């Protein structure tokens with residue numbers, strides 16, 4: 001049975017409306033998360049000061065969107081006279097706290113309105129997933145893809161926050177869509193549009209620099225699989241498409257220039273030089289440059305500085321600084337807890353494990369069904385090892401878009417697995433829209449193969465029950481989407497055993513802690529908080545600051561201690577070989593049971 005366009009559109013609008021409603025009404029009690037402390041003030045400063053000295057390790061576009069509503073909030077005062085703005089390098093965290101919580105500004109109002117553009121961007125991404133899936137496979141696949149997206153706990157968690165990951169997913173799907181459109185019709189109009197889409201992606205997330213090699217691979221695959229046979233023709237098309245792909249890249253950098261030019265308008269060149277010298281001191285490229293004598297550049301900061309001195313190249317110099325910073329951070333890692341261990345170097349199994357336990361089990365079952373169906377399909381007529389190249393060529397020719405999706409997923413996963421930066425499943429979000437469309441397409445293709453009406457009805461019933469299961473599990477966790485874990489690990493209450501940070505605890509429950517403290521009429525509470533909000537701002541004189549490294553004997557008998565689970569598990573995990581930071585400092589809390597869990601991210605103890 002085919003679905004009419006009108007009915008399909010109605011269901012799609014309903015799904016996006018439900019997603020919008022769940023997002024908006026779940027943020028009012030969420031306190032500022034860690035990365036928002038840097039991103040939201042940075043976005044406001046970009047628009048009000050035309051100076052991008054804050055948070056250069058992320059491109060500006062997403063932060064601009066978040067900062068834009070703040071321009072219309074009355075009475076906001078930006079602290080441009082303090083040291084963290086004028087003098088500090090990487091002063092974004094101190095300035096963010098002062099701007100939001102210590103300058104007399106309406107912090108909660110600013111946080112709420114800063115998040116609204118992020119939610120709208122999430123809704124736009126949902127629309128685009130629906131649009132592309134419909135163009136490729138029809139109404140049923142479009143709706144199923146949108147169902148997966150609308151009831152994704154990870155998109156609902158991070159699409160409400162002033163962070164870069166959902167923006168990155170949006171940038172990827174736009175860039176890939178318009179690049180494939182250019183390959184199909186390589187007119188100059190499509191070259192320019194593809195360049196613009198690629199520029200937007202680069203202005204949303206630096207990790208999307210991976211799109212450049214990806215597009216090179218895809219254009220080569222296009223020549224191999226889609227261009228008519230004939231050696232001379234393929235060679236001619238290779239050079240033609242190669243030149244046009246290069247033009248796409250050129251247009252992307254041309255579109256990046258005016259955006260960065262606006263953002264460095266009031267940024268002194270000497271600031272760029274200070275930043276590059278300090279922040280790129282240990283960049284991996286430095287060792288390579290010193291070993292190449294013909295290159296008369298000693299380190300990566302020298303590249304930035306030479307570009308910054310040229311008024312034309314200055315905007316690109318700051319873009320390059322951000323790219324260098326993010327690659328250095330990915331190589332350097334970040335201290336975190338994972339499955340009873342603490343490391344700054346990361347784990348090869350990190351992303352597979354968090355993907356399995358953080359995404360809905362119902363969706364994993366559907367993914368497995370599609371993989372089994374695909375394996376059966378390719379070996380149904382003859383074993384897959386017979387004429388594999390011929391069969392691969394035919395499949396790639398007839399399913400080139402799906403091939404592009406798979407290549408992107410594999411490339412992004414490969415870079416993630418080799419990265420030392422293991423702080424959240426959110427870093428995989430740029431692959432999720434493609435997975436949703438592929439799984440939805442596979443499920444609908446499987447349903448079409450069934451001729452028996454009863455069996456087909458049974459399959460549709462199973463699909464309905466699995467989707468209902470996913471939807472119920474997401475509704476049940478609301479408003480704590482950030483802390484979602486599936487049934488494999490026993491749900492969100494057991495998630496802390498496996499992973500923390502942005503998978504579970506990003507500081508979102510501080511306002512809920514304040515509410516509980518007020519309800520219990522507690523006069524003072526010791527707090528070791530991980531997040532972007534200000535504990536003094538919310539708890540006032542009831543706050544007693546605490547750090548895990550302090551001697552627990554200093555805690556008075558009968559006192560209350562609230563600990564963010566990121567710090568708690570970080571202070572209990574076993575250090576991996578080579579880890580040289582403090583550890584084990586919260587093992588003494590093993591003899592206590594928390595008297596209260598605030599959300600899923602803050603544990604409260606009473607010290608007896």
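In case you wondered, yes, glycine gets a Cβ from its N, Cα and C as well.
Note: TrEMBL annotation is automatic and uncurated.
The transmembrane segment annotation in TrEMBL covers 7-27 (among others).
Marked as transmembrane segment by TrEMBL: 110-130 (among others).
According to TrEMBL, the domain 'Glycosyltransferase RgtA/B/C/D-like' annotation covers 114-251. Note on the domain 'Glycosyltransferase RgtA/B/C/D-like' (114-251): mean pLDDT across this stretch is 96.
The transmembrane segment feature in TrEMBL is assigned to 137-156 (among others).
The annotation transmembrane segment is assigned in TrEMBL to 162-180 (among others).
Taken from TrEMBL, the feature transmembrane segment applies to 187-204 (among others). Long-range contacts of the transmembrane segment (187-204) within its own chain (CB-CB distance under 8 A, at least 6 residues past either end) are made by residues 59-62, 164, 167-168, 170-172, 174-175, 177-179, 181, 211, 215, 244, 247-256, 259, 319.
The feature transmembrane segment is assigned by TrEMBL to 210-227 (among others). Listed by sequence, the residues of this chain that lie at least six past the ends of the transmembrane segment (210-227) yet keep a Cβ under 8 A from its Cβ atoms are 172, 175-176, 179-180, 183, 198, 201-202, 233-234, 237-238, 241-242, 245, 248-249, 393, 396-397, 400, 403-404, 407-408, 411-412, 415.
Among residues of the same chain six or more beyond the transmembrane segment (239-260), those with a C-beta under 8 A of the stretch's C-beta atoms are 52, 60-61, 179, 182-183, 186, 191-192, 194-196, 198-200, 202-203, 212, 215-216, 219, 222-223, 315-316, 318-319. The transmembrane segment annotation in TrEMBL covers 239-260 (among others).
Feature annotation from TrEMBL assigns transmembrane segment to 361-378 (among others).
Residues 136, 172, 176, 180, 207, 210, 213-214, 217-218, 221-222, 225-226, 351, 428, 430-431, 434-435, 437-438, 441 of the same chain sit 6 or more residues outside the transmembrane segment (399-415) yet have a Cβ under 8 Å from a Cβ within it. For 399-415 (among others), the entry in TrEMBL reads transmembrane segment.
Taken from TrEMBL, the feature transmembrane segment applies to 427-448 (among others).
Here TrEMBL flags 460-482 (among others) as transmembrane segment. Residues 22, 25-27, 29-30, 33, 144, 147-148, 151-154, 156-158, 160, 360-363, 365-366, 443, 447, 492, 502-506, 508, 599-601 of the same chain lie 6 or more positions beyond the ends of the transmembrane segment (460-482) yet place their CB under 8 Å from a CB of it.
Listed by sequence, the residues of this chain that lie at least six past the ends of the transmembrane segment (137-156) yet keep a Cβ under 8 A from its Cβ atoms are 2-5, 8, 11-12, 15-16, 18-19, 22-23, 26, 122, 125-126, 129-131, 166, 169, 358-360, 363, 425-426, 429, 432-433, 436-437, 439-441, 443-444, 467, 470-471, 473-474, 477, 481, 484. According to DSSP, the domain 'Glycosyltransferase RgtA/B/C/D-like' (114-251) comprises 118 helix, 0 strand, 20 coil. Long-range neighbours of the transmembrane segment (162-180) within the same chain, counting only residues 6 or more positions beyond its ends whose Cβ lies under 8 Å from a Cβ of the stretch, are 33, 35-36, 39-40, 43, 58, 61-63, 66, 114-115, 118, 121-122, 124-125, 128-129, 132, 155, 190, 193-194, 196-198, 200-205, 207-208, 211, 215, 218, 248, 400-401, 404, 408, 424, 426-427, 429-430, 432-434.
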